[in-house]
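Data block below; observations after.
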Amino acid sequence: MKISRQKSPAPDAPSQERRKSRRAKTAGELGDRGGAERLKPEDTDEDSPDTDLTGEDETDTPEMELEAEPDLDDLVEELAPEGMDQDEVKEPGETPLGPGAFRLPVLKAGRGGTADILHMYMQEISRFPILKPEEEVELARRVRDTGDQDAAFRLVTSHLRLVVKIAMDFQRRWMQNVLDLVQEGNVGLMRAVQKFDPEKGIKFSYYAAFWIKAYILKFIMDNWRMVKIGTTQTQRKLFYNLNKERQRLQSQGFDPTSSTLSKSLGVSVEDIEEMDQRLSRSDMSLDITIGDDTTATRMDFLPALGPGIEETLANSEISALLREHLASIVPMLSDKEQDILQKRLLSDSPVTLREIGDQYGITRERVRQIEARLLQKIREHLTDKIEDFSKDWIRENE
């Protein structure tokens, strides 16, 4: 539970070291988009999550049950099949199957452009055979039951073509080096191998496509700007859906105003306008001088991000008042609710929904539901106890 008396501060810039490590994984210069496009498979549906390069028909693939996880990234909420958890999407470059598990083909640096490097990579991965469905199931069982690294290697390498295809589909959003997307997609593929349950009756390529897209989307989000533009769930939702929804409304003859978009996407008009501004602006250095005859920089004229003294004191008083009255509601709460109150709502370092769920043997979604009801109880209790109580004083953990 957080005291909310001010707007959230601007998002922090991602670590320079992290950005360098991401770039170090791939080689080649930016550009030659046209050459890369020539490698894009034709006659496939760009937006299909179950695109398969094995040549097999997936029309009979059963639809996986989607699990709503309000505290997950919006990209995973939209894509996630059962068993997929965005908290498990590692930092780019981190191999899910463990360091040194096995070596995959590498996008090697060379004199050619991006298309040449990708072409050589495609030639290299084409030597790996495509597996039959029964082979995939057997290998997946070996990975699940014994952690067989040879089986994992065969599953991964047989689907490297799928990663390239999906990366090409995303190139229209990512106008830079598509090799970065291939690398991130490969990590997602390895995560899929680790998490896949062959007994669910779902084809592996269908399941893996979700993980591949999740890693690629996360990479695009983290590197769209020098300063991250999607730091809350609402912002992430708008990042992925705002322009798509605007185009959909236009195709149906509607005027996609901020008001119309807010109703369609279920967010506020202010959120729409803020994301529009973020997407339309380019990065600008704050250290550049504002004129030729001065050493002053833009940084010198920025207001302090922290709250003022009066606001700090007001927040402190509100926090003390809330804690005082919260003590009276504790005896009316169940053990789970008391635990969530202490570990999630009152803690300066709240534990995750997963940790609470593991403790009680329940799902993350169930924990979220209990927390939502608990917050409603608290708001109703404080409304009766505190004059002029504002529900905005209490915010859910994001």
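In case you wondered, yes, glycine gets a Cβ from its N, Cα and C as well.
According to TrEMBL, the protein has these features:
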type	residues	note
REGION	1-70	region 'Disordered'
COMPBIAS	30-42	compositional bias 'Basic and acidic residues'
COMPBIAS	43-70	compositional bias 'Acidic residues'
DOMAIN	180-193	domain 'RNA polymerase sigma-70'
DOMAIN	352-378	domain 'RNA polymerase sigma-70'
In the domain 'RNA polymerase sigma-70' (352-378), how many residues does DSSP call helix, how many strand, and how many coil?
23 helix, 0 strand, 4 coil
Averaged across the domain 'RNA polymerase sigma-70' (352-378), what pLDDT does the model get? Just tell me the whole number, please.
89
